[in-house]
């Protein structure tokens with residue numbers, strides 16, 4: 001996270017080169033070790049992956065674009081943390097699912113939390129004293145466009161999750177295969193952003209030189225940040241996919257939720273982002289609501305009961 005935040009802070013429009021580098025690395029690794037240099041046929045028909053890829057590409061690009069529309073990284077994280085709730089809402093509409101009152105309450109909490117943080121961020125943008133009235137209005141309008149972009153990406157991501165759920169039900173779960181195709185098939189789409197990627201590659205090459213510890217290699221510091229981000233992102237993505245095969249969806253959701261929370265807290269303290277008491281209250285609503293949705297309390301109940309009995313048995 002530090003590497004990504006440093007890059008976005010120094011070059012706000014560098015999201016495309018960061019995402020492209022991550023996708024290229026995962027695609028090359030998957031082509032060698034999963035697709036066996038193209039000799040292994042996919043278990044899921046390729047047309048389904050093309051649909052997933054179109055949705056995934058749209059979500060990634062829109063989320064990256066939102067960062068250049070005066071959307072702060074903390075607000076970006078908070079907004080994206082509502083993906084679980086968006087998926088639930090679309091599941092009700094599309095798949096006709098029904099949930100308990102407990103889970104509907106979690107929807108209300110997360111929605112309230114996102115609204116609180118969004119509203120307070122809007123007040124900060126609108127009252128920026130360093131801008132004159134005309135510039136302030138223009139910035140605020142671009143910020144509203146950023147909020148619209150985040151909302152669209154949130155709903156599209158939820159729709160993609162529902163589509164994946166139906167595909168995996170039909171053909172089975174193939175996490176490593178999905179990881180490879182969801183990244184490899186997306187690579188041609190980055191041709192649309194080739195000028196932007198090349199521009200930031202030049203800017204990265206002009207950044208100050210940095211000597212990598214231990215190996216002593218000297219390279220521009222932004223390329224070092226990018227390399228570290230690619231490696232850590234690969235470990236993170238691969239870990240999530242492994243987790244989905246080894247643990248229940250509840251555990252996966254809980255781990256991802258806690259990771260987002262830690263990332264949010266870290267970004268606030270590390271970069272001194274403006275975060276009021278209202279932001280903290282909204283953040284608490286979001287994450288408590290998300291934990292309620294996962295019903296982690298019900299899972300911890302039997303564990304705590306066994307733990308309490310243990311001293312008596314001994």
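Glycine is treated like the rest: Cβ placed from N, Cα and C.
No curator has checked TrEMBL annotations; they are predicted automatically.
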Annotated transmembrane segment segment (source TrEMBL; candidates 1-19, 210-228):
210-228
Among the ranges 49-71, 139-158, 179-198, 210-228, the one whose Cβ pairs under 8 Å to the transmembrane segment (20-37) are most numerous:
179-198
Beyond the flanks of the transmembrane segment (179-198) by at least 6 residues, Cβ under 8 Å:
13, 16-17, 19-20, 22-24, 26-27, 30-31, 34-35, 42, 46, 49-50, 52-53, 56-57, 60-61, 237-238, 241
